[in-house]
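What follows is a set of notes on a single structure, which appears directly below.
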Amino acid sequence: MVIYGVALLATCMLVGLIIGEVLGVAINVEANVGGVGIAMLLLVLIIDTLRKRERLGEPTQDGLSFWGAMYIPIVVAMAANQNVVGAIEGGPLAIAAGVAAVIAGFLFVPVISKIGKGRSNSYDHREDGRPL
Amino acid sequence: MIDVIFDTLIDNGLVFAFALIGGIMLIAYFISRYLTRGHVHGSAIAIILGLVLAYVGGVQSGGENGIADVQLFAGISILGGAMMRDFAIVATAFGASMDELKRAGSIGVLSLFVGVILSFVVGVVIGLLFGYTDAISLTTIGAGAATYIAGPVTGTAIGATSEVITISIGAGIVKSVLTMSATPFIAKYIGLNNPRSAIVFGGLLGTTSGVAGGLAATDPKLVPYGALTATFYTGLGCLLGPSVLFLIMGMIFSM
């Protein structure tokens, strides 16, 4: 049933958010620490397991992929909710700091990605499975 | 007659939001195909249209929630609120590959730390350029350059003035809005076309909304990877800002 997929999604999100809140309290931070990320990992793990056991029905998958497909429209609605006026009214300092942080972030994407690639190239994952 | 229509639309806000966003998507994809000949992705245009609406709504109502503060469009705040956003982000994980995630785990953590510290340092430098010299203000502005949540959380914890806290929130929103709108245009120059670089991107930029919007407009397949790291960013910023980073700032600058 389609609702199984939606319910699985909802349960993963709620469990993730609760873990994120608990993590936040544990390290004394006023924010949800990685709740959505934990929910995503949970969902990937559960789906992986269900697929291997062939327990993931077609309608269940539809319930999941519908909300994945609704992602962009939801992001557009989110954009329409942003405090754009607030961003501009933050003044030149706020604008300069925000813009500079984005440029710095963009510049570091290829740098950090390269570090990762270098490592994975020198280390062949297939060697793990080779008998000694 | 007009009243009847308005009341119906307001009473069924979420359903009206579905219809409205559908209309925006249609216009955006039309512009993409015929005015830019497919060079600018439809979702990038849709997000920019959304931001324009947010600006108009903000000017009209004087509120903080963009178009959703105009009563007629309040339903947009449900569809575009944090709950639905997070729900849809988690749903994108359905298309993510476990192997890709495992392979990029350590680089994701590295990019998170680099991302928070990088934004912080940039924010501090800009703060200095604008004449702030005390550790409390500089730390708050630096944390704001990380995200608009880390800024006020840090500022409140270390006792910054409300003026500085407002600036830090502004910096975070600018970052989020710019990441949303600029990413699709910059993506090809920074190699943002595979799960690994998307994970790094999420960790470096860190604004959940910005990363979510920016990747959606670049390539929806990359969304789960970037979103995964980005959701840890604000927490890390709130953790490091008032503690380690503030202590280091206190050693360099006067209180």
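Just so you know, glycine gets a Cβ as well, placed from its N, Cα and C.
According to TrEMBL:
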DOMAIN    B:8-253  domain 'Malonate/sodium symporter MadM subunit N-terminal'
TRANSMEM  B:12-31  transmembrane segment
TRANSMEM  B:43-60  transmembrane segment
TRANSMEM  B:72-95  transmembrane segment
TRANSMEM  B:107-130  transmembrane segment
TRANSMEM  B:164-186  transmembrane segment
TRANSMEM  B:198-218  transmembrane segment
TRANSMEM  B:230-253  transmembrane segment
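By the Cβ criterion (distance under 8 Å, sequence gap of 6 or more), the transmembrane segment (B:198-218) is counted as touching the transmembrane segment (B:43-60), at least 3 such pairs being found. This prediction places the mean pLDDT of the domain 'Malonate/sodium symporter MadM subunit N-terminal' (B:8-253) at 89.
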